[in-house]
Structures are given as C-alpha cells and as structure tokens.
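Read the structure below first, then the notes.
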C-alpha cells in the first residue's frame, strides 16, 4: 500500500490541492513534507497525535518529515478559529517549549541526518532576519487581500466585530513564506495540517508555485472530536500530554481505557499500528467484549508513546486497582510535606492539594456527592482531619475521585 493509499485508509484524509498528482509523485519518488506545531507548551498532547502519526507514516514510506516549530510565528499568533488574540511568547519560553516538543515527537519518529530521518526547524531562523520593505517588495504582490478576507479564520472574526490586529493578519503571509522557504532550501513539496489550516496552506502552495514553478501540494486532515463532540486532547482534568513529566504513562493508559465505546475502533485505526487483519479482529472483539477491546487499545497506544514496559506496568497497575483492590506504587504520586500531615489537613483540602479537584469548592462537591474515597473508604465528612494515622504501608495514602481517578499521597 502506498503512502497516500494508507493515509486515506487510516482516515487521515480531508482535502488536497491535487490528490491524483500527489499520489503519482509519492509513488515515483521520495519527497519531503512538513507539518508545523505551535510552541505554546513544553509537550504536545493527543490533539496533535494524528499529525504525529502522519509524520511517522511518511518516514515509514521512506519520505522525509520536516517539523516546523513556530518560533517566529509564535511571536505573532495565528488567528485561525480563535476568538481572541493569543499571548505572545518570549524567546526563552519558545526555546524551552521547542525542546519539550522535540521530546514528544522523538517518541514516534527518528531525527537525524539520513535521507528519511526527520529534521526540526524553527521558522525564526528565516523569519527573524526578514527585512519588512524587502518582503513587501518581493512577495506582497502575490497575496490578494480580497481573498484573505474571505478565509473563515478572518471572516468570522470580522462578522462578530471582534478585534483582528494587523499583527495577526500577517500570520498568513509568514506561514505562506515558510512553505516557499522550505521548498527552496529543503526541496519540500508538501505541507500537511488540520482542515482549519486549509486557507493558509493553499496560500503557501500558490506562492511557491508562482515564484518557483515547482510542483507543490497541500493536504489536510479532518478536525477530530470524540463521539460526544469533545475536543481531542482535553479532559475535565486537563490536557492528555505525551511527555511523562506532565502526565504519567498510567494516566495516559487510563485515558484510552476510559474513552467512549463508540470511539475505540476509530481510535485504533487512527492511532495504532495494528495491521488490517488485527483491526478486523479488534472490531469483532469490540462488538463482543468492549472492556477487553478498550484494554487492548490502551495497551497498544501506551506502548507506542511510552514503551512496552510502561504499557505493561500501566496494565498491571490498573488490574491491581480495579480487579484486585490492591495498592500499586505505579499510580501517580503527589508528595506532601510531613509537617502538613502531622498537623492534620481536612479531607477537602487534601483532595484539592492532590490535584483531584480544581478548587476547594470542587473538592467539597466531590465529597458531598459521595465520589471521594481515602484508602478505598468513602469520605462522608468533608472536614474530616487526615493525619499520619491514615498512612498505609510504604508511607502512602490512596485517594480516589470517582471510580477511575486514583493517586497516592506520599510524605
């Protein structure tokens, strides 16, 4: 199966500037393709997982993935589908975030000097040195303001009479210039992104084609939500991060273990590397035993992101907690100062401090709603004082919020 055929088969395809021509070229030769990532956090989350799997698929087919970190464009902010302007990041924040993003990506793709090895570039390398007058003279005439105003990302802001700064308006020009620069210096012929980036991608392809005459393409993926309409990557407890310093492998496993029944076959197709035969068996399993299918999905995706050992550990921890009622040290751990526990802390404050409630009032609601347990015993008094007498073996206290969120408090 070719790259494009597998791309479509896995459910990644939404739109392409010239699908037939791109299919032919990717069969005949190896290309370089790029995807850009925002520099807004020290890790990517599962909202970017489809794009990451596409980079991985590119590499598996012998094509060269180029990862662009928007160090330059992050200083401006992309207005795409945003109701408000983004916070502008400092150079120090961008550098720190870029390091974390490369860590996320390195779990899935190989960086290096080989022909199909991925490279990571920061568009600040070429955007920071742009002379504004030279840019207007050399490239300004290729952009149509009439066309830019019709793009949904701009049009919606204007229709709602929301502020759209000239700073943000320039983002489209700079992203288009990225494609031209990568085509010229890295022989990049394909830009990939979410469907919300279609207008920006087409502008870049058009600019490159007009100036260089090269065959370049843009291709987008559908914007994913869960079956209930929730945005991928976000939960009530926060983002589902890929880096283990922000989210433990166990919590990553639990996210997929607890996904909605209607999503698991689609997620297996999008995010796992099960063969077609294995996917067929998985679909049959999901129809017969949804919980076993969810365990398999969680295991496969945790193995891909964190390692087979991490997946095994997460599975064993889940079994001990949910099926055997034991305490497992692989649960997420929160450290509490010994003096705090010696003095005593109220139950609702402990749940808030441990991160199982976003506020003290939320912690009170959790306890009043019979959703809080300490050492597997229901907490009925939100003001109950928790002290060192609650410590179990190995100096831990087990906290549970609902049936699926568990952590250990260690002193």
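Even glycines carry a Cβ here, placed using N, Cα and C.
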The annotated motif ''KMSKS' region' range in Swiss-Prot, which must be one of 226-230, 231-235, 236-240: 231-235
Range annotated as motif ''HIGH' region' - as stated in Swiss-Prot, picked from 39-48, 49-58, 59-68: 39-48
Same-chain residue ranges lying at least 6 outside the motif ''HIGH' region' (39-48) that approach it to Cβ under 8 Å: 69-71, 74, 86, 89, 93-94, 96-101, 103-105, 231-234, 239-243, 245-246, 255
Least Cβ-crowded entry, counting other Cβ within 10 Å, from the binding-site residues listed as 34, 171: 171
Helix, strand and coil totals (DSSP H, G, I; E, B; other) for the domain 'S4 RNA-binding' (345-411): 22 helix, 21 strand, 24 coil
In three-state DSSP terms, the structure that residue 175 (L-tyrosine binding site) belongs to: helix
PLDDT averaged over every residue in the domain 'S4 RNA-binding' (345-411): 89
